[in-house]
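Following: one structure in structure tokens, then a few remarks.
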Amino acid sequence: MNLNRWLFSTNHKDIGTLYLIFGAWAGMIGTALSLLIRTELNQPGNLLGSDQTYNVIVTAHAFVMIFFMVMPVMIGGFGNWLVPLMIGAPDMAFPRLNNMSFWLLPPSLLLMLASSAIEAGAGTGWTVYPPLASNLAHAGASVDLAIFSLHLAGASSILGAINFITTVINMKTPNMSFLDMPLFVWSVLITAILLLLSLPVLAAGITMLLTDRNLNTTFFDPSGGGDPILYQHLFWFFGHPEVYILILPGFGIISHIVAYYSTKKEPFGYIGMVWAMTSIGFLGFIVWAHHMFTVGMNVNTRAYFTSATMIIAIPTGVKVFNWLATIHGGLIKWEAPMLWAFGFIFLFTVGGLTGIVLANSSLDIVLHDTYYVVAHFHYVLSMGAVFAIMAGFTHWFTLFTGYPLHSTWTKIHFTTMFIGVNLTFFPQHFLGLAGMPRRYSDYPDAYTLWNSISSMGSMISLTAVVMMTFIIWEAMSSKRSTTTTEQMSTNVEWTYLCPPPNHTHVEATHLIRP
């Protein structure tokens, strides 16, 4: 294996593969951290020995899963691999920038892990709120390293976003209009626009935090005329679009899979799906303060953010019903990717419903910073984003490698994972309603039952993660041959061979409508 091929690659397929491998490793680190959290919370009493250590693990778990697992896999992995193939482009618009976007991530991950390893670690939560993140409450270099890590990961994402936007706008095959693009390409385009608009705001916020910590500025320090609430506004103006960045590519993946395994040529309501994603992207920018209902906003502001947040349920509902309409009347092929897609639709909807509950500012005053919120966002992330990743991975693995995954093992894996994540996160709704707060390593005895059930679920999920590594090994070592792909006319990525040649196009492409 040529080292130069992987270090200096300008090939979208190789870089996509690097992203997928990196994301898989980061996912295992993130899973290990989550198991430490659940082991600590299995029973009352201390296991890790200090709340600071516990919060360092929680913070690292969040950052690793968001910035080094979900984003690299969905946007970097699936995006790089599939977008050029789906629009008939020979590669990405800026191939070397593409390589740099990837290679900014390993140093970023290293800095993030270093921030946990030195001093007492960055135990701030993934929101990094001052004054807890100030140089008084967090002396030492931990938070500074975490900030630098975020700068690198953010730079990587911004460069990647520029690359995707340019590629999609300029490199489509000549007679392909925007409304001819597959939904996954649309989802990546909208995600890239969200990244480009939101990440600079995060960069500004954490840079001000960095200067507050090291250069005696007082952006977030009331004693010098600053305001810690300003940081919250800056963070969540990034943070809310970020959660849509995490789920939008998943919407695109699920749209493809649902159509494919229902034996349909295309998803139901294509234009509606495009507008729904666009609306979600737009609305995602004007609801950020629903994360801040407890900081003391006046009633008009709370009424606006409650209403605006609930409006997002409309385009989301459009998407869910369009997926169901796509399945309706189709000849369903019950293969693993379709099981993941069904799981996604059901569990993402459950997560969305708890989101509607939390959108009510009056209810959120009570539920804010309880396990109800943890349950909500893990339903949309651990069972939304991750299920979409698994659906995409089991569907396109053959395209990426040329080898099909084992049909039975992948279904067993889905079942194990489905039971594991639901057992982990469903009880957390009850804990939240009973008032158990987030980010504490210990709790009163009354919460023991649901916590121990939740921790048991996390062990089942671990079994599923281990099973996944076995399934990949089994496929790579068995080297089964591939069968022909159906619906070739509307699933362009399969038209090139499995796996496709290193350089897809030797001449200009042309779109022929079926």
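Residue numbering: from 1, along the chain as shown.
Yeah, the Cβs are placed from backbone N, Cα and C, and that goes for glycine too.
Quick look at what Swiss-Prot lists:
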- 1-11: topological domain 'Mitochondrial matrix' (TOPO_DOM)
- 12-40: transmembrane segment (TRANSMEM)
- E40, G45, S441: Na(+) binding site (BINDING)
- 51-86: transmembrane segment (TRANSMEM)
- H61, H378: Fe(II)-heme a binding site (BINDING)
- 87-94: topological domain 'Mitochondrial matrix' (TOPO_DOM)
- 95-117: transmembrane segment (TRANSMEM)
- 118-140: topological domain 'Mitochondrial intermembrane' (TOPO_DOM)
- 141-170: transmembrane segment (TRANSMEM)
- 171-182: topological domain 'Mitochondrial matrix' (TOPO_DOM)
- 183-212: transmembrane segment (TRANSMEM)
- 213-227: topological domain 'Mitochondrial intermembrane' (TOPO_DOM)
- 228-261: transmembrane segment (TRANSMEM)
- H240, H290, H291: Cu cation binding site (BINDING)
- Y244: O2 binding site (BINDING)
- 262-269: topological domain 'Mitochondrial matrix' (TOPO_DOM)
- 270-286: transmembrane segment (TRANSMEM)
- 287-298: topological domain 'Mitochondrial intermembrane' (TOPO_DOM)
- 299-327: transmembrane segment (TRANSMEM)
- 328-335: topological domain 'Mitochondrial matrix' (TOPO_DOM)
- 336-357: transmembrane segment (TRANSMEM)
- 358-370: topological domain 'Mitochondrial intermembrane' (TOPO_DOM)
- H368, D369: Mg(2+) binding site (BINDING)
- 371-400: transmembrane segment (TRANSMEM)
- H376: heme a3 binding site (BINDING)
- 401-406: topological domain 'Mitochondrial matrix' (TOPO_DOM)
- 407-433: transmembrane segment (TRANSMEM)
- 434-446: topological domain 'Mitochondrial intermembrane' (TOPO_DOM)
- 447-478: transmembrane segment (TRANSMEM)
- 479-514: topological domain 'Mitochondrial matrix' (TOPO_DOM)
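Here the features listed in Swiss-Prot are placed on the structure.
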{"residue": "E40", "record": "Na(+) binding site", "contacts (Cβ under 8 Å, 6+ apart)": "N46, L47, L48, Y54, I57, S441"}
{"residue": "H61", "record": "Fe(II)-heme a binding site", "contacts (Cβ under 8 Å, 6+ apart)": "G30, L33, S34, I37"}
{"residue": "H240", "record": "Cu cation binding site", "contacts (Cβ under 8 Å, 6+ apart)": "G284, F285, V287, W288, H290, H291"}
{"residue": "Y244", "record": "O2 binding site", "contacts (Cβ under 8 Å, 6+ apart)": "T191, L194, I280, G281, G284"}
{"residue": "D369", "record": "Mg(2+) binding site", "contacts (Cβ under 8 Å, 6+ apart)": "T294, P437, R438, R439"}
{"residue": "H376", "record": "heme a3 binding site", "contacts (Cβ under 8 Å, 6+ apart)": "G351, T354, G355, V357, L358"}
{"residue": "H378", "record": "Fe(II)-heme a binding site", "contacts (Cβ under 8 Å, 6+ apart)": "G351, V421, T424, F425, Q428"}
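H368 (Mg(2+) binding site) sits 24 Å from G45 (Na(+) binding site), taking the C-alpha atoms as the reference points. In sequence order, L41, Q43, P44, N46, L47, L48, Y54, D442 are the same-chain residues whose CB sits within 8 A of the CB centroid of E40, G45, S441, the residues recorded for Na(+) being left out. Counting Cβ atoms from all protein chains shown, H368 (Mg(2+) binding site) has 20 others lying within 10 Å of its own Cβ.
DSSP assigns H290 (Cu cation binding site) to a helix.
Applying an 8 A CB threshold to same-chain residues 6+ apart, the list for G45 (Na(+) binding site) reads D442. Contact between the transmembrane segment (95-117) and the transmembrane segment (270-286) does not hold: fewer than three of their C-beta pairs are under 8 Å, each pair 6 or more apart in sequence. Proximity of the transmembrane segment (51-86) to the transmembrane segment (407-433) is not established, fewer than 3 Cβ-Cβ distances being under 8 Å for residue pairs spaced 6 or more apart. The transmembrane segment (407-433) shares the most Cβ pairs under 8 Å with 371-400, out of the stretches 12-40, 228-261, 270-286, 336-357, 371-400. Between the transmembrane segment (228-261) and the listed ranges 12-40, 183-212, 270-286, 336-357, 371-400, the one holding the most Cβ pairs under 8 Å is 183-212.
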